[in-house]
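S.K.: Here you go, one structure.
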Amino acid sequence: MAVQPEVILGDITTLEVDVIVNAANPSLLGGGGVDGAIHRAAGPALLAACKQVLQQQGECPPGHAVITIAGDLPASAVIHTVGPVWHGGDRMEAQTLADAYKNSLQLAAANNYRSIAFPAISTGVYGYPKEEAAEIAVRTVTAFLTRYNPLERVLFVCFDEETAAIYRRLLASYP
C-alpha cells in the first residue's frame with residue numbers, strides 16, 4: 001500500500017481535495033450533520049445537481065454512491081454515499097457500510113480523481129457505533145489501496161477528537 005490514509009480533525013467542506021464524500025440520505029437533498037454542512041457550504045448548485053440525479057436515477061440506496069459537481073466547495077466533486085442506519089448489527093449493516101466506502105473509492109478512481117476525503121459515515125444520526133464504523137472504514141479503504149491504488153491521498157476527516165483517536169489507533173495497526 002503506497003498511500004497511507006491520513007486522519008485529520010476538521011471541517012470536510014474546507015478541504016482542497018479532488019473529491020469529498022458526503023454521508024448522504026437516500027433522497028440526496030441534504031439533511032443534518034455532515035450532509036447538511038456540505039449542502040450549506042456548496043450552495044444551490046449542489047442541490048440542483050442532486051435533484052437532477054434524483055430525477056434521473058431515483059433515490060440512492062444504502063451502500064451505493066453517486067457523483068455530482070461540488071458547487072461552491074473547494075473540491076472538484078462530491079461523491080454522495082448512503083450508509084446504513086444502525087439496527088444492532090444484524091441487518092447487514094457492516095456489509096452496507098463497507099460497500100459505501102468501496103463504491104465511493106471506485107467512483108473516485110473511475111473519474112480519475114487522485115485525492116479523496118471521507119467523513120465517518122453513518123456515525124451521526126444513523127447511530128453506527130464509532131469504533132465499529134471506523135474498523136470497517138479502515139479495513140475497506142486499506143484493502144482497496146492495497147489491491148488497486150490510483151489514489152495519491154486519502155483522508156479520514158473527523159468531527160471530534162474521540163473519533164480521530166479511534167482512526168489513528170486503527171491505522172497504526174496497518175503496515
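Every residue, even glycine, has its Cβ placed from backbone N, Cα and C.
In case it's useful when we look at the structure, here is the feature table from Swiss-Prot:
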- 1-175: domain 'Macro' (DOMAIN)
- ASP11, ILE12, ASN25, GLY33, VAL34, ASP35, SER122, THR123, GLY124, VAL125, TYR126: substrate binding site (BINDING)
- ASP35: active site, proton acceptor (ACT_SITE)
S.K.: At its widest, how many Å does the recorded substrate site span between Cα atoms of ASP11, ILE12, ASN25, GLY33, VAL34, ASP35, SER122, THR123, GLY124, VAL125, TYR126?
M.R.: 19
S.K.: Restricting attention to the domain 'Macro' (1-175), give the mean pLDDT.
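M.R.: Mean pLDDT, the domain 'Macro' (1-175): 96.
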S.K.: Taking only same-chain residues 6+ apart in sequence, whose CB is under 8 Å from that of VAL34 (substrate binding site), what do you get?
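M.R.: When sequence neighbours closer than 6 are ignored, VAL34 (substrate binding site) has ILE12, ASN22, ALA23, PRO119, GLY124, PHE159 within Cβ distance under 8 Å.
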S.K.: Between SER122 (substrate binding site) and the residue listed as 'active site, proton acceptor', how far is it from one CA atom to the other, in Å?
M.R.: 11
S.K.: Around the C-beta of SER122 (substrate binding site), how many further C-beta atoms are within 10 angstroms, looking at every protein chain?
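M.R.: 27, counting other Cβ atoms within 10 Å of SER122 (substrate binding site).
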S.K.: Could you say which of the recorded positions ASP11, ASP35 has its Cβ with the most other Cβ atoms inside 10 Å?
M.R.: ASP35
S.K.: If one measures from the C-alpha of ASP11 (substrate binding site) to the C-alpha of ASP35 (active site, proton acceptor), what distance in angstrom results, rounded to a whole number?
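M.R.: So the Cα of ASP35 (active site, proton acceptor) lies 12 Å away from that of ASP11 (substrate binding site).
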S.K.: Work out how many Å separate TYR126 (substrate binding site) and ASP35 (active site, proton acceptor) at their Cα atoms, rounded off.
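M.R.: Computed Cα spacing between TYR126 (substrate binding site) and ASP35 (active site, proton acceptor) is 12 Å.
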